[in-house]
Amino acid sequence: MGARFSDTAGGQTAVGGGRDHGHRSQEHANEATSEAHVAVEHFMRRRGFMGLCSQLELSLSASNLRDRDLLSKSDPMAVVYLKKQDGSLEELGRTEVILNSLDPVWITKPRITYYFEIVQRLLIRVYDVDTKFHSIPVQTLRLDEQQFLGEAECVLSEIVTKRDRILTRPLGRGTQHNKPGTWSQKFGNLTMYLEETIDSKKVIEMVVRCSDLENKDIFSKSDPFLKISRPLENGGFVPVCKTEVKRNNLSPVWKPITLSLQQTGSMDNPLMIECYDFNNSGNHDLMGKIQKSLSDLEKLYISQSGENFYMPASSSYHNNKILKSRLFVDKFLVSTRHSFLDYITSGYELNFMVAIDFTASNGNPRLPDSLHYLDPSGRHNAYQRAITSIGEVLEFYDTDKKFPAWGFGGRPIDGPVSHCFNLNGSATYAEVDGITGIMNAYASALRNVALAGPTLFGQVIRHAADIASLHADQRKYYVVLIITDGVITDLQETKDAIVKASDLPLSILIVGVGGADFKEMEILDADKGERLESSTGRVATRDIVQFVPLRNLPNGETVAQSLLAELPMQFLSYMKSRNIEP
């Protein structure tokens, strides 16, 4: 059965717009809409909804390379790799061969897909290509037949955070070529320069509608919504966008959809557009699908023609069933907008802050079953995993790497229970040096702070907001990570603090650790429903909270991937709300 809710609400949430909460006559419709939005969001997340990515081009040059040839200079070529967590290498591209040069400037620019939420480690190796291989395409060259000239490593974030996006590294022999007694001299330098492709900044706004949808409900008409997905290399598809749900409507016109090429990959990528009938159970009924690229959709708009949906064949021996229902594009507008990296390159920073739960429900830190137990083997507990996962991504975007670190719900030595105390034990300052400083302060606090309670967020959020407010005009955007093992007891006070902070350059990341029931915490995350409303009736100007229970992370997904994927969009939403340009 379809859900009951307003067909005008929810659409702007799907495309990042505002919502009017001033009309109390809409309360019941909004409540049903929120329930539908919750279910559709869950539907998207179960299918791996991904954040934004940017296509970058890597320009390479080298200087003072070693000369491995006897009668001429070396003929260098560079090979770019992505170094994975397990140490394995994925080749991203090769440059051309530059003849007879120890200071090559390569023209070929390997492409790299940049993901903000992942630490991407690059390895670049330089080879001298033997003359007998010069007529062979570089992609087919066997590297073990070429002379190794040196290698350099870096993290992609190190380059994108440079004002000029240029990074120079000395070339070294590398572990693969570390033979004793050889190569005592220097190997030269490698310079890397990144450019964001113009396609990464393109944004498409569309208005789509359907006609003659097949009714899936018995006692009412269907409640359709669209899900748009992009292809993966393995042949599957990953969702990138959804519309709002239209109640009781077989010819729906949805709110404008905004897609960037960062989401779709390119104008020519074949997108899967699926229409579903919303069901409260979460098992939404497929009403039809179409596979079209953005270029194809633009042609539909120009021709003002529709495309028929189809239902997939039940087996390979049958053809897809073409349906009477059709998709139309009533608006298709392409524009270019400033990207997240435009702001970072122009000098904007992300300043990291962390707050740790010291309530008694975590258990005695001296016992192995405690969430705060520090394993002598060095294995990280849940708090340490969250800190390192988020911190190792954000630290590249903070130049001084001095991070405020607080605890809450504990009783410092000779003091009352505090809901925002400095983790380093200082009475005057909260900053520590780097991720290592946070980890050391955390370990020290476990020895000097008695666990107590209750779990209150309000004071920590207000403290973080005060810092963000003081530096709102200094090209800084703040990110506070709150790690907790329990549901907060000051929910309304926390809502009030979040609503007030939504006007500031601040995002709040919350990680739930342990086995507590965190359902109430999801209220704070506007992805799960309507935007927060304060006790005075004020509505948050934008979504600034991301929440994830650690135990719910899919296999192989890190805390950073789950929490940070949407941070660039929150950053851009703040810049847009203040009309701030790079």
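Cβ atoms are placed via backbone N, Cα and C, with glycine included.
Please treat TrEMBL annotations as automatic predictions, because they have not gone through curation.
The region 'Disordered' annotation in TrEMBL covers 1-35.
The compositional bias 'Basic and acidic residues' feature in TrEMBL is assigned to 18-30.
Per TrEMBL, domain 'C2' is recorded for 34-171 (among others). Helix, strand and coil content of the domain 'C2' (34-171), in residues and according to DSSP, is 27 helix, 51 strand, 60 coil.
What TrEMBL records for 186-310 (among others) is domain 'C2'. Sorting each residue of the domain 'C2' (186-310) by its DSSP state yields 18 helix, 56 strand, 51 coil.
Annotation source TrEMBL lists domain 'VWFA' at 351-567.
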Contact call for the domain 'C2' (186-310) against the domain 'C2' (34-171), three or more Cβ pairs under 8 Å:
yes
Express the predicted model's confidence over the domain 'C2' (186-310) as a mean pLDDT, rounded to an integer.
90
